[in-house]
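Working notes for the structure below.
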Amino acid sequence: MTGSKDYVVADISLAGWGRKELDIAETEMPGLMACREEFGAKKPLKGARITGSLHMTIQTAVLIETLKALGADIRWASCNIFSTQDHAAAAIAEAGIPVFAVKGESLEQYWDYTDRIFQWADGGLSNMILDDGGDATMYILIGARAEAGEDVLSNPQSEEEEYFYAQVKKRLKASPGFFTKQKAAIRGVTEETTTGVNRLYQLQKKGLLPFPAINVNDSVTKSKFDNKYGCKESLVDGIRRGTDTMMAGKVAVVCGYGDVGKGSSASLKGAGARVKVTEVDPICALQAAMDGFEVVTLEDAAPTADIVITTTGNKDVVTLDHMRSMKDMVIVGNIGHFDNEIQVASLRNLKWTNVKPQVDMITFPDGKRMILLSEGRLLNLGNATGHPSFVMSASFTNQVLAQIELFTKGEQYQNQVYVLPKHLDEKVARLHLDKLGARLTELSGEQAAYIGVTPQGPFKPEHYRY
């Protein structure tokens, strides 16, 4: 591991490799490159001090350098202990941007790195957060509540929370008053994923959201593309790299049929698997059934499944009892944000055999074995390299526009959760059409008037469901 005052990466000598992949990724990320061209001279993020907590991949490196080109100062960590691509982190460190991310870092290191992205060399404070899953945001908010005298650190509910609370206590002791000052300095947060967005909406509902937030996840050009088409390519990639299993003919159970579940089901179906879906929502269940999938309960499907994948963003979706009922050598994995979709903690007293990084074989008392991918964390990033660059360009272009919006116009926003306006969603999509050779048909003035829009758009009302 290579560490200094300004970065911690696995091996700084990987920077050259990372830079080569960055150069390739830029050609697949037209939205971000267009942002550099449009905003680079104006530097709308000059003065922004962005704390970023998002998977430290090659694609994220292109995002980071785009934010830098637009004037921002940045400190970055990964939002998952397994998702870092070490050569990407090295390239960013070599470019002089503080980054703290190592593939396979411990939970203790994870929360230490989350703390370090708020610790600026000049002793100043962050004024923006770019988050994925909400950990950076929650770190500051929980710390501020503890400083205010609330009893929020005494009862951790998981191993993750134990390390989280320990790091908060460490910072409380080292820098009294830090969290309260840091919370007050934040102009806004932009949140990447479903899980983090849910946390923000819960804070808003309770009146505990202390700054404006933009829900990037629910931009159409994020959720309907990254969540669906990204998973469609990266899920099977992760399973194959982790297990080398043949998926054709196998029975795969996908828990959840939201956007991630839809992409995951399509991914497995495309690989030839016989896919079954579990759902709690009757609308999503009906969609799955009419897309040709058998809708089942996990209790019924677990004994015959060869592959079980969770996609829900909920907890305890796959329980110990479910896993006990599964066949020998079943493959179990998760593509939702946190590791608690699968009751991994309940397996810790069993025999674990590490096959290779992020692949473990767990043996039950009756001799049955289970292959667990990435310890129940995001397998597409732990066992593979995540979504392709092109689809991440759409997601990250939304992030750039959201950061500009909150940093430059933050006073126009209340302490609520917002989504980007429709015209920006359409702009993001438009920026990616040329790369695919797609040409838009143009409305005449008469046609536009007939359906109540302008020829330039927006073309759909806010309530339209794509």
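The first residue you see is number 1, and the count goes up from there.
Note: Cβ is positioned from N, Cα and C throughout, glycine not excepted.
For the substrate site, Swiss-Prot records THR57, GLU192, LYS222, ASP226, and the single candidate of ASP115, ASP132, ASP135, ASP291 listed with them is ASP132.
The sparsest Cβ neighbourhood within 10 Å, among the listed binding-site residues (LYS222, HIS337), is found at HIS337. Rounded to a whole value, the Cα-Cα separation of THR195 (NAD(+) binding site) and LYS222 (substrate binding site) is 14 Å.
Checking each of the binding-site residues THR57, ASP132, GLU192, LYS222, ASP226 against GLY256 (NAD(+) binding site) by C-alpha distance, the shortest gap belongs to ASP226.
In terms of Cα distance, the binding-site residues that sit within 10 Å of ASP132 (substrate binding site) are HIS337, chosen from GLY258, VAL260, ILE335, HIS337. Among the binding-site residues THR57, THR193, THR195, the residue whose Cβ has the fewest other Cβ atoms within 10 Å is THR195. Across the residues the record lists as binding substrate (THR57, ASP132, GLU192, LYS222, ASP226), the two Cα atoms farthest apart are 17 Å from each other.
The Cβ neighbour count for GLY256 (NAD(+) binding site), using a 10 Å radius over every protein chain in view, is 27.
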